[in-house]
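Asks: Attaching a single structure in structure tokens format; questions to follow.
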């Protein structure tokens, strides 16, 4: 017998082999609700990153980064003797995965370190950038996260080349595993583009045009070197990143004012990406067999373009070249489509040979800024007014690198800009004395005596708070934006009922505030949440349980002028399984949309389960449909949803294309209940059924109420960053 045959693991170690997902690829995936647990986090349980960052000597870090910029390493030499352009690309690509559709992606968790992003074709050779940073990360340790360090390095890179940045905020906390909740597309090959249908309609929520790209194909759509067609892709992709035309032009031109692309030779000379590379590569990828594989011989995108005569110094030369020459199509040494200036002198410096010069070159997507009429108008203004260009780029860069951080309350450090920006969803600071315990009790009594039902109170508070997205920290009850456009008109918020509830609560607010002295007030944002808490307490009382739902005042009311209607439109629920709502019919089944919503609310599977069961019996369905209201005691916080769902005396059959179901008595055939896929999944999915059985047991009523209250409190406070 050979040594190999004695190995007890014939085929795979723990976690190997055929998975449940392989057997049942359409199985509802609950793992996305249990990411980033303490079991994957190496930090101490009491570690507070915000406090650690506050102890950081940011000026010292920046000095070390500044020295790094011009300390070229033989193993990966700096172009033009300066790593700044490489680090700008690293920071840009860290932040640039953000998309507005679901708020996922972005720089907030340092995901560029992990698959798939660390191995995307568009991130080729950024592994070297992070390795160059390791000595600085090692020096400052846990006081600065990788997520913060990558963005800070991009800022220092810009500053080291003469550009004045708008500011920097820390506060991005690292995670320790890939984010499994982000849908990057269904393509199974790099640079695939099955995400398009019809007349180049891009699948939501995606923003990038091809699998493995951050934004658009720099050669043009699918490699077609058409600047006008490329402009269409640029406009859609950048809009899905929350950028308007001016911000888009500023970012492209600003970023391409520095450095170069790399296409010294044919891409087939590349080795595998980091995740596929051999163990001896130690996490590095794209080892090239072309020449030395680095410096003059480096290959990254396959394009070989240097935009300006000042690749390591801020200037207006990008626009000077863009408008100063006519351009003709050519190919890089790697065979990629790019453009070269006609009738031009060789004015562009070589990245590694001080004696060599090159002709000006541009990408197809650069020429879009000249030949698309709207982009051209902005570009020409920037060309003629460099100070406007510098300001626009500084602001757009700050937005790009901070968009997924949420409100300013999360910003840390001495370089946080004083100016509040509309895209930060500003909320006024608390400017009055807050209500106390006695006030809270008195307000609850007024609310419960107002004639509003438990259902109305709970529904309104849920609608206000559940807009929160843990992906980009937007939404939530703070600000009371449910009373403003666009939220007040969303179908999911039942505008007619909402107006009635708000009118009643505003009356209570006015009476209370008018009777106070000493500057004490209650905001409508607080009152909406307090009303929901009062509704939950009353529902528990109706079921025979005396509970006090936690409530902490301190929310404020935003103004319409502080609310970007277009920006907030992306928060509108297309589905909310917690309220048995779908705006339309979608490719994804309703239960998958429920899990997606739960993940954005940072809920676990047990929390999702108890909230659905509780909200059903509290009669909070949008439109007051009876689907899933498995109780004869609505507005009582009972575990009836689970008891009746698990009742084997009920037989379920589809009635409407397998989206709506009838539950009939097995013996008599009499109709007992109706339910949706979201309701029935808690009986059909083995994990969810196991949770439903906990709450459907005879001894579970008290636990059910406790767990519902805890999960409710969590959702109501998701945006209370002041309480963290």
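For all residues, glycine too, the Cβ spot is worked out from N, Cα and C.
Okay, these came from Swiss-Prot:
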- 89: site 'Transition state stabilizer' (SITE)
- 93: active site, proton acceptor (ACT_SITE)
- 256: heme b binding site (BINDING)
Asks: How far is it from the residue listed as 'active site, proton acceptor' to residue 256 (heme b binding site), counting Cα to Cα, in Å?
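Replies: The residue listed as 'active site, proton acceptor' and residue 256 (heme b binding site) have their Cα atoms 14 Å apart.
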Asks: At the Cα level, what's the spacing in Å between residue 89 (site 'Transition state stabilizer') and the residue listed as 'heme b binding site', rounded?
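Replies: Counting only the Cα atoms, the answer is 10 Å.
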Asks: Which secondary structure state does DSSP assign to residue 89 (site 'Transition state stabilizer'), in the simple three-class scheme?
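Replies: Once the DSSP labels are grouped into three classes, residue 89 (site 'Transition state stabilizer') ends up as helix.
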Asks: Specify the secondary structure state of residue 256 (heme b binding site) as given by DSSP, simplified to three classes.
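Replies: In the DSSP reduction, residue 256 (heme b binding site) maps to coil.
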Asks: Within 10 Å of the Cβ of residue 256 (heme b binding site), how many other Cβ atoms can be counted across all chains shown?
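Replies: There are 25 such Cβ atoms around residue 256 (heme b binding site).
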Asks: Among all the protein chains here, how many other CB atoms are within 10 A of the CB of residue 89 (site 'Transition state stabilizer')?
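Replies: Cβ-Cβ neighbours of residue 89 (site 'Transition state stabilizer') within 10 Å number 24.
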